[in-house]
Amino acid sequence: MDMADPSNSALRQLPAVATVLAAADVLPLLDVHGRVATTEAIRHVLEQARAAILRGATAVPDIAAVVFAAGAWLAARRSTLRPLFNLTGTVLHTNLGRAVLAEAAIAAATEAMRHPLALEYDLDEGGRGERDDHVRGLLRELTGAEDATLVNNNAAAVLLCLNTLAAGRGAVVSRGELIEIGGAFRMPDIMARAGALMVEVGTTNRTHAADYQRAMDADTGVVLKVHTSNYRIQGFTAEVGARELAGIAAGAGVPLLNDLGSGSLVDLSAHGLAREATVREAVAEGANLVTFSGDKLLGGPQAGFIVGDGALIEAINRNPLKRALRVDKIRLAAIEATLRLYQDPDRLAERLPTLRFLGRTRDAIAAQAARLRDPVGNRLGGGFRVEVGDCASQVGSGALPMDTLASAALALHPAGSQRTLEDLATRLRALPRPVIGRITDGALHLDLRCLDEAEEALFLANLDALAP
Ligand SMILES: *Cc1c(COP(=O)(O)O)cnc(C)c1O
């Protein structure tokens with residue numbers, strides 16, 4: 001570069017990386033991020049400044065400005081897996097991690113991480129044990145099934161059951177139950193990957209007992225009943241209930257697999273929700289195997305449970321795929337602790353966040369919204385008007401799809417045109433603890449159903465960090 005170039009002297013005024021690193025201002029960054037990342041950040045900021053000067057910029061950042069920019073750059077690289085406030089109104093939001101775990105489950109998982117534990121070790125005999133045994137008895141007790149096993153998630157549970165019972169054989173299923181769940185779980189595809197030959201019976205809206213009976217022969221490996229989790233077929237419809245289907249399958253000597261999806265272990269109508277068959281009822285109806293998720297209505301970590309006939313569970317456990325789909329010790333500990341909460345039904349709703357959130361009344365949520373309206377308004381500044389409004393929460397994850405829960409929201413209305421709703425949503429997502437709401441009807445709605453009252457102060461303090 002030419003010595004006469006005025007940018008050259010500006011370039012020479014830029015501090016060196018080593019100079020910035022030696023400055024006292026940088027100590028907090030070194031403390032949090034370490035030497036390697038902090039050096040990289042400073043180098044990045046100085047390169048940007050150099051490029052700006054070469055483009056004609058005249059302002060030269062001093063050490064404090066470089067450290068500040070480096071801090072911002074490091075902050076922008078913070079974990080994207082950090083906790084957030086789910087104010088979408090969907091309690092079991094698959095994209096936001098579904099169920100929030102109970103304190104007992106969190107404590108159990110933490111202990112399982114910190115210490116060795118008898119994962120596959122029999123403490124009575126001093127020899128080898130089975131990892132499933134820690135929850136087998138609990139699952140039997142809570143569902144009435146003869147035996148139980150568990151895998152990574154319910155999709156894996158269905159895959160494993162189909163593969164065990166119907167590889168190279170027929171799997172009979174109603175055309176009205178060929179579901180697709182979010183995240184590319186499609187029943188025909190899962191059947192194909194399990195090696196089962198799909199035998200569709202009936203029509204989209206009507207399937208009869210005779211349809212199943214005609215379809216079964218010596219090559220049938222399983223009859224499948226699938227909970228239509230996220231849709232309803234209404235109008236001129238007919239389906240064969242699980243109890244009747246169990247009789248038909250038993251008559252043909254074929255096992256019945258009932259995939260419940262979001263199986264519940266308790267009667268939800270006692271908690272103000274619509275009534276759904278419980279896992280215990282599905283077992284009592286005569287299904288040979290019942291599958292359900294750990295992180296839907298059950299309120300635990302991701303898992304897939306298989307309960308049913310002892311001989312079939314044994315065959316499933318012998319399938320080499322079981323080993324590939326097993327759960328780890330951290331989740332197993334959290335699952336066990338979650339299931340134990342169900343042994344004390346009187347205190348379940350206060351201990352299990354999923355049930356606590358689902359059970360909150362509209363009045364309690366509206367009172368919370370009224371309490372937070374002004375503090376939130378003050379933190380948003382003059383650009384927004386904050387109102388308390390009615391809204392409808394959803395259970396989510398395909399559970400009770402037609403059932404909404406009366407709730408209350410803070411509706412953030414842009415007062416002028418200077419800030420768009422999308423811009424506000426972006427600023428809320430950039431907070432130390434991101435706040436996720438829903439834009440409808442010209443406002444950003446924050447459904448407060450999933451904001452624990454104990455977290456209100458934290459929620460407001462977090463808003464103090466809103467970018468101007
Ligand atoms: C949710 C669901 C699944 C998949 O369960 P995951 O735990 O998400 O793997 C399978 N079948 C039905 C009917 C479901 O609702």
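Positions of Cβ are set from backbone N, Cα and C atoms, glycine also.
Taken from TrEMBL, the feature domain 'L-seryl-tRNA selenium transferase N-terminal' covers 11-50. Below 8 angstroms of C-beta separation, residues 57, 60-64, 66-67, 69-71, 73-74 of the same chain, each at least six residues beyond the ends of the domain 'L-seryl-tRNA selenium transferase N-terminal' (11-50), sit close to that stretch.
Every protein chain shown contributes to the tally, and the Cβ of K296 (N6-(pyridoxal phosphate)lysine) ends up with 26 other Cβ atoms within 10 Å. What TrEMBL records for K296 is N6-(pyridoxal phosphate)lysine.
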Model confidence for the domain 'L-seryl-tRNA selenium transferase N-terminal' (11-50), as mean pLDDT, reads 95
